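According to TrEMBL, the features are:
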{"type": "REGION", "residues": "73-92", "note": "region 'Disordered'"}
{"type": "COMPBIAS", "residues": "73-88", "note": "compositional bias 'Polar residues'"}
{"type": "ACT_SITE", "residues": "Cys164", "note": "active site"}
Amino acid sequence: VSRYSYVEYHQTERPREWSFVRVEEKEADEEFRLSDDVLVNGWRGGKVPGGSFLPAGQEHGHRHVHNVDDLTSTLPSRGTKQVPSDQKYTAGDTFAGAGGASRGITDAGVHLEFCVDNWEHAVASLNANFQGQDTTIYDIDMHNFIVDKEIRHRVDILHLSPPCQVWSPAHTRPGQNDEKNLAILFSCTHLIEKIRPRLFTVEQTFGILHPRFDNFFQSLVHGFTDHGYSVRWKVVNFSQDGLPQP
């Protein structure tokens, strides 16, 4: 039984983008068909059209918006629902660093529910920029964040940016943190299992696509598809978007 389709996207002979796309309800053979909504509800307990953040005292003042079940879908909307005007999608930022992705999240009009880092200077930057905005800032290493059962979040979007040093083409000699940085890549799967976002983004150096890291990368992707997510990846030149490096 095939549950995923593998797709390569070409502009030239060499592929520039790849994806594993989960078979949707409408594509499955009838005897194996299961409702997409049932799958989502069973995994994360459903989703809130329009986003899961609603400021206190903003129960009034509504606007009509599309009830978008899949933010990447090009299919027509299933209809419209009335939601509060200040309702927002929610996001979490892990391996947040000084907060670049967190700032992008808030600038996009998404509510930043939490961010995580354990480097003191990064945490100081996060506190300076996001404290008092109904955002929880965790000064904690990722292992303890994952295993702490008192830390509970369900966000619409989760961003992950694990350390890149061991995968970088600039990494030409062994480093003292190589083993730790290699292992932390696989915390991404555990973070997805803990937070169960509607969608997630992962930022990593293009070096991880080198053939010598193929087993690591395939294991990472499998960790996501094992939880039922479709996964799509590509190399993006961020220097075209204002970042002073590719």
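Just so it is clear, glycine is given a Cβ too, placed from its N, Cα and C backbone atoms.
If you take the C-beta of Cys164 (active site) and look for same-chain residues 6 or more apart in sequence within under 8 angstroms, you find Gln204, Thr205, Gly207, Ile208. Reduced to three states, the DSSP call for Cys164 (active site) is coil.
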